Amino acid sequence: MLTWETPVMLASNTASTKKLAFITTFLIIVLCPVTMVMSQPQADVLPLPASDADCLLRFKDTLVNASFISSWDPSISPCKRNSENWFGVLCVTGNVWGLQLEGMGLTGKLDLEPLAAIKNLRTLSFMNNKFNGSMPSVKNFGALKSLYLSNNRFTGEIPADAFDGMHHLKKLLLANNAFRGSIPSSLAYLPMLLELRLNGNQFHGEIPYFKQKDLKLASFENNDLEGPIPESLSNMDPVSFSGNKNLCGPPLSPCSSDSGSSPDLPSSPTEKNKNQSFFIIAIVLIVIGIILMIISLVVCILHTRRRKSLSAYPSAGQDRTEKYNYDQSTDKDKAADSVTSYTSRRGAVPDQNKLLFLQDDIQRFDLQDLLRASAEVLGSGSFGSSYKTGINSGQMLVVKRYKHMNNVGRDEFHEHMRRLGRLKHPNLLPIVAYYYRREEKLLIAEFMPNRSLASHLHANHSVDQPGLDWPTRLKIIQGVAKGLGYLFNELTTLTIPHGHLKSSNVVLDESFEPLLTDYALRPVMNSEQSHNLMISYKSPEYSLKGHLTKKTDVWCLGVLILELLTGRFPENYLSQGYDANMSLVTWVSNMVKEKKTGDVFDKEMTGKKNCKAEMLNLLKIGLSCCEEDEERRMEMRDAVEKIERLKEGEFDNDFASTTHNVFASRLIDDDDFGFAMNR
């Protein structure tokens with residue numbers, strides 16, 4: 001057999017050599033013209049790419065008052081893995097991923113060109129500064145995903161083609177500047193745009209036709225816009241179009257007959273250039289297709305020949321296959337054993353063993369550590385289930401499993417988690433790490449020994465386990481107010497910075513210091529589930545008017561105050577929407593009107609003799625925060641200030657005078673505050 005096989009193989013090799021020579025000649029003939037076209041001289045010498053640090057330092061030189069960022073030291077790298085050495089620089093895997101210089105009083109014109117060479121740059125934020133002049137050029141930032149320029153002093157018209165080529169841009173915030181002229185038509189051609197805020201400017205004319213199907217939020221209020229609202233935006237919140245010259249059509253009132261129809265889809269400013277490029281692109285694609293077909297043919301020939309040569313050795317091939325199958329099954333058995341305890345409680349196992357950490361001061365662990373650890377079910381809330389678990393280091397953690405975030409994209413979710421990871425406040429429970437999978441998300445935080453405020457307010461109490469006394473409750477609500485005030489200052493672009501404030505989302509540490517949880521999750525929640533489950537959507541303004549405002553979180557704070565003072569669970573939280581008949585606010589108001597104010601307070605709440613007036617003050621704040629008309633409702637900053645001013649056993653006459661008018665309608669009178677305080 002060998003004497004016959006050897007000549008056959010040699011002949012085959014000779015034939016293969018001829019075929020490959022023919023294919024090579026053909027490829028040279030086909031590719032030479034393409035190579036000649038693509039190799040036209042672009043520049044005599046290509047400059048060496050600048051480092052990220054060089055780009056940042058050149059950008060710093062363009063700033064008028066850059067003393068705020070003195071930490072930008074040329075001798076130190078801007079990034080160290082996922083942590084930042086330079087203030088305001090955001091890093092991912094050791095590369096500059098973003099720049100966040102917000103609220104620093106920066107002035108002058110904003111020149112972004114020095115940053116264009118940072119290849120991994122994905123987000124820029126210069127909100128709440130004093131930059132002036134025209135809109136900075138962003139045409140060289142094709143990979144940018146988010147641009148935040150709100151609350152500055154930019155002026156002038158934005159060119160129609162200002163955003164051409166920004167095919168990855170998802171979020172653009174230009175609110176509260178002084179831009180004028182028409183809305184740039186190139187915005188309508190950003191394929192991945194999710195959020196657009198143009199409110200608080202001087203744009204005029206008609207709104208262009210936005211054809212993006214995934215556009216979730218578009219804000220045009222307080223401009224000089226007129227004409228019909230494009231049909232593609234008809235499902236937006238009506239508030240997004242308020243304060244304009246003469247806009248009409250859904251979701252606003254219908255247009256009159258002379259208002260014209262919805263504006264046509266605008267022509268792209270670069271459509272002519274694109275058409276000219278289509279012909280060249282088509283030729284290149286055809287050539288590439290031919291090349292791929294040839295390569296595929298060669299691969300098939302070689303693969304067939306290899307199979308024929310291997311068929312002479314069936315026993316060896318069988319041994320290899322059996323060994324592979326054995327190893328694979330063994331690995332599956334090991335994986336199944338390691339996650340049995342987890343799957344029995346949590347369901348499906350995440351398919352990538354990678355946790356992303358947001359805090360640097362915590363010992364690292366991986367997903368397998370969590371899978372192997374025993375866990376205690378803490379509860380099943382509206383968003384998902386919570387588990388208490390401990391890792392090898394002895395640290396106790398809470399793992400929250402969220403099921404209603406599967407509509408958010410991977411990049412958008414990562415960006416929002418990094419934003420939450422930068423929040424630092426004594427009354428916020430920081431997210432230690434998180435895990436992303438499309439079907440579900442895991443958020444990991446430190447376990448708090450005294451659990452939630454709800455467990456203390458609504459659990460069965462005894463002599464050994466009494467209810468919370470008044471000083472502790474005051475301490476808790478003051479901490480909650482401080483945490484909310486911080487969220488309002490840091491998350492200015494969110495309509496509802498918390499969005500899901502309730503007693504079960506306030507946890508207590510070993511000294512009963514409160515920490516807020518589940519904050520700022522609305523941007524990554526599925527729309528349908530957030531409407532049905534989040535506390536903000538049970539507010540009067542959403543049920544009666546169909547919108548949320550900054551004061552929606554104030555309403556949630558007011559209900560929490562009343563829950564803390566009365567010890568009663570807000571039953572309206574169990575129903576969908578707002579039901580005044582089931583509202584805790586209605587019950588408290590009726591008790592006050594009936595001169596039964598003393599019966600409102602939780603009888604298990606002990607305190608000093610002279611704390612009655614202070615408790616009444618907090619009750620007044622709570623009711624003021626719960627005004628059904630949000631225009632009459634207290635501002636968050638005022639509520640935080642008044643709560644912080646409360647001191648045990650003291651009465652503030654100035655505060656009482658400022659709130660007299662608000663509560664006169666509810667017949668609250670200081671003299672009526674008669675009840676037996678437990679001692």
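Keep in mind that glycine also has a Cβ here, set from the backbone N, Cα and C atoms.
Because the structure is a prediction, the values reported are computed rather than measured.
Copied over from Swiss-Prot:
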| type | residues | note |
| --- | --- | --- |
| REPEAT | 142-165 | repeat 'LRR 2' |
| REPEAT | 234-257 | repeat 'LRR 5' |
| COMPBIAS | 252-269 | compositional bias 'Low complexity' |
| TRANSMEM | 278-298 | transmembrane segment |
| DOMAIN | 372-646 | domain 'Protein kinase' |
| MOD_RES | SER374 | phosphoserine |
| MOD_RES | SER452 | phosphoserine |
| MOD_RES | SER455 | phosphoserine |
What is the one among the modified residues SER374, SER452, SER455 whose Cβ has the most other Cβ atoms less than or equal to 10 Å away?
SER452
At the Cα level, what's the spacing in Å between SER455 (phosphoserine) and SER374 (phosphoserine), rounded?
23
Spacing of the two Cα atoms, SER374 (phosphoserine) and SER452 (phosphoserine), in whole angstrom, works out to 22
Quick check on the repeat 'LRR 5' (234-257): DSSP residue counts for helix, strand, coil, in that order please.
5 helix, 3 strand, 16 coil
Would you report the average pLDDT that the model assigns to the repeat 'LRR 5' (234-257)?
86
What three-state secondary structure does DSSP assign to SER374 (phosphoserine)?
coil
